[in-house]
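Colleague: What follows is a structure written as structure tokens; I'll ask about it next.
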Amino acid sequence: MPLTSAFRAVDNDPGIIVWRIEKMELALVPVSAHGNFYEGDCYVILSTRRVASLLSQDIHFWIGKDSSQDEQSCAAIYTTQLDDYLGGSPVQHREVQYHESDTFRGYFKQGIIYKQGGVASGMKHVETNTYDVKRLLHVKGKRNIRATEVEMSWDSFNRGDVFLLDLGKVIIQWNGPESNSGERLKAMLLAKDIRDRERGGRAKIGVIEGDKEAASPELMKVLQDTLGRRSIIKPTVPDEIIDQKQKSTIMLYHISDSAGQLAVTEVATRPLVQDLLNHDDCYILDQSGTKIYVWKGKGATKAEKQAAMSKALGFIKMKSYPSSTNVETVNDGAESAMFKQLFQKWSVKDQTMGLGKTFSIGKIAKVFQDKFDVTLLHTKPEVAAQERMVDDGNGKVEVWRIENLELVPVEYQWYGFFYGGDCYLVLYTYEVNGKPHHILYIWQGRHASQDELAASAYQAVEVDRQFDGAAVQVRVRMGTEPRHFMAIFKGKLVIFEGGTSRKGNAEPDPPVRLFQIHGNDKSNTKAVEVPAFASSLNSNDVFLLRTQAEHYLWYGKGSSGDERAMAKELASLLCDGSENTVAEGQEPAEFWDLLGGKTPYANDKRLQQEILDVQSRLFECSNKTGQFVVTEITDFTQDDLNPTDVMLLDTWDQVFLWIGAEANATEKESALATAQQYLHTHPSGRDPDTPILIIKQGFEPPIFTGWFLAWDPNIWSAGKTYEQLKEELGDAAAIMRITADMKNATLSLNSNDSEPKYYPIAVLLKNQNQELPEDVNPAKKENYLSEQDFVSVFGITRGQFAALPGWKQLQMKKEKGLF
């Protein structure tokens with residue numbers, strides 16, 4: 001096939017395009033067959049996404065376990081050619097059967113099916129409405145499932161997985177006694193997907209619970225008629241698990257082949273910084289053998305760039321890693337989110353918008369906090385998410401201090417004063433549409449004892465119980481106060497380095513105290529105590545020097561008028577308005593004497609705000625096996641928040657733990673520890689004090705929902721459980737009738753009776769009270785549209801429609817009058 005013809009299907013529309021290698025040429029795979037892969041073949045997949053206004057593309061070449069070396073080489077060559085065709089910006093991935101990346105598996109929400117054979121044995125990707133099928137599928141996984149065609153025998157079964165017996169017109173799901181509810185639900189959704197995409201919605205599905213086979217005698221008879229007499233089922237086969245700690249070990253290598261041989265030089269290990277990458281070179285980043293990245297600098301030659309994948313394979317061989325090791329090649333300036341998150345920070349020069357504005361007190365770089373319209377926070381949750389604000393901070397506030405491991409109310413006049421030797425709970429209550437919502441901040445001082453830290457976490461759970469677990473819990477380590485926390489105290493937040501505010505404290509105040517005052521309005525201003533030395537000063541901020549006799553408010557030459565006004569207001573709180581204002585460069589000698597003498601400090605010109613280029617990422621977290629495992633959900637939507645799971649949303653400067661209503665007690669209790677372990681094992685060397693917010697299902701604030709497109713607060717009440725879906729599948733008697741017909745030698749599966757029956761659009765637009773044909777299911781009218789009419793009505797193919805979430809399908813059907 002000519003190259004231009006092969007890539008004619010490429011456009012800028014979001015979605016995926018799949019080609020199979022057939023006789024060393026690219027053949028387009030129909031959308032209805034996406035997610036089906038023959039084990040004897042190789043494939044090339046192009047994924048196109050829009051991130052804001054930018055186009056993001058990934059090219060994967062997939063290697064079946066029985067494919068030939070020639071086919072594998074051909075797929076790699078086409079991947080390189082497609083990359084060139086698209087201007088060299090896509091990220092390239094090498095995928096091997098059974099070892100696919102989370103990104104790849106995420107494209108196929110209903111699962112991946114491995115089919116025996118390949119193009120060499122005459123296997124074709126068939127279109128919809130084919131019933132001449134007889135196979136047994138072994139389904140593994142809970143989040144992104146994989147189904148493999150296995151021998152049609154009871155010997156293929158085990159107690160821990162789910163199996164689908166697919167007989168064309170009938171699909172029977174057998175659930176291993178030790179499989180979990182998530183696996184059973186995903187397998188059922190796969191069975192429904194096969195029914196709807198491949199059988200035009202006309203196959204029947206039955207379910208057998210492996211520990212209650214006697215309750216399904218008719219279905220068991222079908223299984224035994226097909227597979228023979230039931231034998232003893234094998235024990236559970238444990239899944240291969242890669243510990244998150246293993247993923248956290250990373251090494252950066254410089255690679256060259258100038259002497260004709262692959263030369264690898266170790267550059268650095270965790271934590272990595274972006275400046276290590278030279279734009280004229282190529283590098284390999286080794287994630288402990290679990291994944292290999294190749295970074296191609298802009299200045300590298302075309303030959304070096306094209307050889308990137310072969311260099312990675314040579315590196316894998318040199319390291320004696322498995323040949324199935326996942327490989328990703330990235331281009332300088334077009335790096336994937338997965339690659340960038342392996343570095344301590346990833347900045348983009350000349351970028352004016354971005355996420356992750358994280359800075360520490362004392363650094364010369366400044367954050368310019370833009371003012372925003374608070375009325376947008378609930379009408380546009382994406383604004384709340386970007387600003388990290390649920391409202392303007394005008395709700396009700398209650399503050400307690402941990403004292404003798406118990407909660408002691410803080411007097412109102414001391415609200416906003418926090419001491420580094422203490423821990424505090426701050427309960428904030430606000431209303432949305434007349435309904436109260438709660439945020440519980442757990443502020444932990446840098447010098448608080450371990451007992452106090454533990455008590456603050458325990459007491460937070462107790463306070464949360466008063467609201468039936470509806471409060472959002474936010475752990476705040478001293479110095480990492482979120483913007484909303486500062487807004488609560490209206491520009492009057494003061495953080496003392498040590499000491500305590502409890503009564504009877506015998507520790508005297510230091511004779512000299514220096515506070516750095518940061519912020520330009522009441523939503524982002526705080527005073528933080530810093531060491532009382534001249535070296536603590538910064539020309540871009542305002543500082544308050546306080547003694548028992550004199551008070552100086554020092555204006556750095558880079559501070560703005562708004563910053564000075566807010567600092568003066570806060571200083572008057574600490575000094576009763578008796579402070580002397582001093583401009584940088586006009587300090588009296590006494591000022592320097594109080595700071596121990598004049599010494600150099602950060603006085604360079606104001607630096608540009610640094611924009612960290614990070615993307616929000618969603619993970620499923622688990623430590624059920626004794627190993628901490630996180631699985632990323634790519635291109636996530638609200639549908640990916642499973643009520644049986646604990647999910648982690650990482651927005652870099654905040655980490656959200658979302659707890660599903662049906663999550664088990666152990667996972668709920670260990671939620672905070674899970675988030676802390678995630679930060680600790682993150683390969684980039686993340687700040688362990690990153691704020692952690694614990695969110696309960698049904699009580700999500702806009703700072704969380706804003707990270708999801710088109711958040712629907714009613715999605716779970718409208719959603720269906722595994723048992724409800726099972727009830728909808730119909731009775732076993734219908735399956736018995738079909739299987740009896742299938743055994744009848746006079747019945748041809750390709751006869752006119754088995755052909756799908758279609759009706760004109762006008763007929764199907766009638767409601768139930770009108771004259772719908774008797775054989776039309778009013779809840780599934782779309783199944784009776786011809787392929788041409790289906791595209792005409794919905795604007796997409798039947799396969800694309802089947803891949804949509806259930807709520808989206810229902811919405812489209814209502815809009816078109818087909819429900």
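Cβ coordinates are placed from backbone N, Cα and C, and glycine is handled just like the others.
Straight out of Swiss-Prot:
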- 753-819: domain 'HP' (DOMAIN)
- Tyr85: phosphotyrosine (MOD_RES)
- Tyr758: phosphotyrosine (MOD_RES)
- 1-731: region 'Core' (REGION)
- 628-819: region 'Required for interaction with F-actin' (REGION)
- 731-819: region 'Headpiece' (REGION)
- 24-73: repeat 'Gelsolin-like 1' (REPEAT)
- 145-185: repeat 'Gelsolin-like 2' (REPEAT)
- 262-306: repeat 'Gelsolin-like 3' (REPEAT)
- 403-454: repeat 'Gelsolin-like 4' (REPEAT)
- 525-565: repeat 'Gelsolin-like 5' (REPEAT)
- 628-669: repeat 'Gelsolin-like 6' (REPEAT)
Colleague: Could you measure between Tyr758 (phosphotyrosine) and Tyr85 (phosphotyrosine) for me? Cα positions, answer in whole angstrom.
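Modeller: On Cα coordinates alone, these residues lie 41 Å apart.
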Colleague: Where does Tyr85 (phosphotyrosine) sit in the DSSP three-state scheme?
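Modeller: SS state of Tyr85 (phosphotyrosine) = helix.
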Colleague: Give the residue counts of the repeat 'Gelsolin-like 2' (145-185) per reduced DSSP state, in the order helix, strand, coil.
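Modeller: Tallied per class, the repeat 'Gelsolin-like 2' (145-185) gives 8 helix, 17 strand, 16 coil.
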Colleague: According to DSSP, does Tyr758 (phosphotyrosine) sit in a helix, a strand, or coil?
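Modeller: Its secondary structure by DSSP: coil.
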Colleague: For Tyr85 (phosphotyrosine), what is the tally of other C-beta atoms lying within 10 angstroms of its C-beta?
Modeller: 17
Colleague: Give the residue counts of the repeat 'Gelsolin-like 3' (262-306) per reduced DSSP state, in the order helix, strand, coil.
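Modeller: Counts, helix then strand then coil: 8 helix, 19 strand, 18 coil.
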